[in-house]
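Beneath this line is the structure, given in structure tokens, with notes to follow.
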Amino acid sequence: MVEKRHLRWGEEVTHERDVGRIAADHALVGGHKGPVLDIAWCPHNDNVIASGSEDCVVKVWQIPDGGLSRTLTDPVVDLVYHQRRVGLVLWHPSALNVLLTAGSDNLIVIWNVGTGEVLVRMECHPDTIYSACWNWDGSQLVTTCKDKKIRILNPRSGEILNEAIAHEGSKATRAIFLRHGLIFTTGFNRSSERQYSLRAPDALGDPIVMVDLDTSNGVMFPLYDPDTNLIYLCGKGDSVIRYFEVTPEQPFVHYINQFQTPDSQRAVGMMPKRGCDVSTCEVARFYRLNNSGLCQVISMTVPRKSELFQEDLYPDTLSDEASISAEDWISGSDADPQLVSLKGGYVSQAQSTTLTVTKKSNVLDKMPPRGPKSGGPPTSSSPPAGATTTTSNGSPAANGTSSPASQATSQQQAAPIVVNGASEKELTELRTKFEDEFRKLKAIIVKHENRIRSLEATVKAMADRGTTETDGTLLNTSTPSPTITAAGNQSATPQDDHHGGDGSSHYTNSNLAPDEV
């Protein structure tokens, strides 16, 4: 059973039933100077989100409880290291404040967000990095690259533990670690047919399973539920979400069913299991961004007659508490993620915390202020002892004394500032009001810019399909695509061919990918 609800993308809602178009001056997270390519919510703090952008900067944001009341432009910390755009951000599954970033400079950087410092720098990829994924305890890392290879890395040293050709096709590939150590990949063969495979880490070049799926050209993103061993395949530009179960028996990857809608998708994000409704046997919830601009909420449920808690559907799942610190992890310690029971619904045991960043001191912090001895300007503007100054009436005054004229001047400076009858407090309030108006105007401008880009892309796509203009009317000379009607939870074979996208996506890790975070 699949429940469908629609939200406008970017909407701040108190409940998913609050739907509709958002206001033009709606509060946003908008501190990047370029388009945002990837975002990732912190698994250990529901108020913290990391974002990577074309401006080469990774920003970490603190979202206040209750949502945004004004546009957020000041991040908690800026992580500046990459020389080219950052297309991948990924949090460590069990270590607090450990963040992985990968950019078009072919570098993988692991950060300690709590101190803003680089822990590890990996330069072992010769080309663009498509995806990265931690294993269950965060002791290993699997990556895919434009050179068609899949690599297993030691994340503390950057050493390549194993590597092999993943898929023969030249389009983007993805790889994820499953809970029990196997690796699931998606990609293309030489004929540009989509494939998925299951591999063992010690035999990457010899897949356990390799299945051709269809001939669509949209890159597939695997979303994994470690509690039920279900894998959801979401293709960019597809109108379906297929789901499979991984088992120890042949054929190891079992096709179950698919969810289908008439609208194609741009990106899909998956809610953590602790956000699902156990009273309705909800096992997964997706936020699906359609090409129409709607954010569709898809709820996957398993119908059960009993109203009791279903132990088989809800084993202990990932908690929002970290197992170890960043310092312990970089020193060589590994730990499985903390688990929590969903019986009775999830209730967070952690206090609402604020991410604090403590920058480590460096040699520049210990330099004394520049003074006369160091060749710089004096640190005090007072005249030397014994020197004389001239008052406003031209008479000299000895240092350390003040004339009546200077006393009057100091009294005038201490008086409250009044401009055109307005006090300093009123001026401050007026300035705050103008700043709010400027923020609203900026939000409106950003929205119109996005609309213009969308219209330009639509016109370009129409031109590519061979549209012509005759007597003021646009006529499409290309063959119309068949319309896919909503089929609910129809059963179909995984070899069915569906609409695909352009196959080019910078939004890694299957996260939702807005223009503004």
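Glycine residues also receive a Cβ, built from the backbone N, Cα and C atoms like all the rest.
Given the structure is predicted, the values throughout are model-derived calculations rather than measurements.
Residues or ranges marked as compositional bias 'Low complexity' in TrEMBL: 376-416. What TrEMBL records for 469-494, 505-517 is compositional bias 'Polar residues'. What TrEMBL records for 357-420, 463-517 is region 'Disordered'. Taken from TrEMBL, the feature repeat 'WD' covers 29-71, 79-121.
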Item to complete: With DSSP as the reference, give the number of residues of the repeat 'WD' (79-121) in helix, strand and coil.
Response: 0 helix, 25 strand, 18 coil
Practice prompt. Helix, strand, coil: count each for the residues of the repeat 'WD' (29-71), based on DSSP.
Written response: 0 helix, 19 strand, 24 coil
Worksheet entry | Across the repeat 'WD' (79-121), average pLDDT on the 0 to 100 scale | 96
